[in-house]
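> Just lifted these from TrEMBL, have a look:
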- GLY81, GLY82, ASN83, LEU84, ARG103: substrate binding site (BINDING)
- ASP104: Mg(2+) binding site (BINDING)
Amino acid sequence: MASLATAEACDSNAALIASGDVRCLQPIFQIYGQCRAFSGPIVTLKVFEDSVLVREQLETRGDGRVLVIDGGGSMRCALVGGNLVVLAQNMGWAGIVVNGCVRDVDEINGCDIGVRALASHPQKSNKKGIGEKHVPIHFAGTLIRDGEWLYADSDGILVSKTELSV
């Protein structure tokens, strides 16, 4: 899949931005992982301080998709750690975006995958299996739906109702 520069995508899709078909996430995310730019169809999860559904999803074939996790913005524990990012890389996920924290940053930064999160936190999450899969989520000023497309690079993150052409 060809990389799409988010700044160029904004410049060339002003009408789609005006209509809300392309949306920019607020610039609140830190960049982790070796893959600075990534894109793909979105799979959504909504969890709170619980990583069981995250692991279950990442154990499935990624096929170039991006896992977008609404962790409620919690800064009390990490939803994704090095083991899950290695799993995601091995299962073919293009990237992970977390409205929450990650841990094992050095391990994550050694992986050839894109990861965005609010911050890092050393404490692991709960393991109760509570949450929702494939539901609309809202964070960083944007509604994000399962099946939409995400584009991330060093300039920021875009969500589009459809795949954008390079």
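For all residues, glycine too, the Cβ spot is worked out from N, Cα and C.
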> Could you give the Cα-Cα distance between ASN83 (substrate binding site) and ASP104 (Mg(2+) binding site), in whole Å?
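If we compare the Cα positions of ASN83 (substrate binding site) and ASP104 (Mg(2+) binding site), the gap is 8 Å.
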> Cα distance, GLY81 (substrate binding site) to the residue listed as 'Mg(2+) binding site', nearest Å?
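Spelling it out, the Cα of the residue listed as 'Mg(2+) binding site' and the Cα of GLY81 (substrate binding site) are 5 Å apart.
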> Cβ within 8 Å of the substrate site's Cβ centroid: which residues qualify beyond GLY81, GLY82, ASN83, LEU84, ARG103?
ALA78, VAL80, VAL85, VAL86, VAL102, ASP104, GLU107, ILE108
> Given a 10 Å Cβ-Cβ cut-off, pick out the one of the binding-site residues GLY81, GLY82 that has the most other Cβ atoms nearby.
GLY81
> Between the two most separated Cα atoms in GLY81, GLY82, ASN83, LEU84, ARG103, the residues recorded as binding substrate, what distance in Å do you get?
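With GLY81, GLY82, ASN83, LEU84, ARG103 as the binding residues for substrate, the largest Cα distance is 10 Å.
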> Among the binding-site residues listed here (ASN83, LEU84, ARG103, ASP104), identify the one with the smallest other-Cβ count within 10 Å.
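Relative to the other binding-site residues in ASN83, LEU84, ARG103, ASP104, ASN83 has the fewest Cβ atoms within 10 Å.
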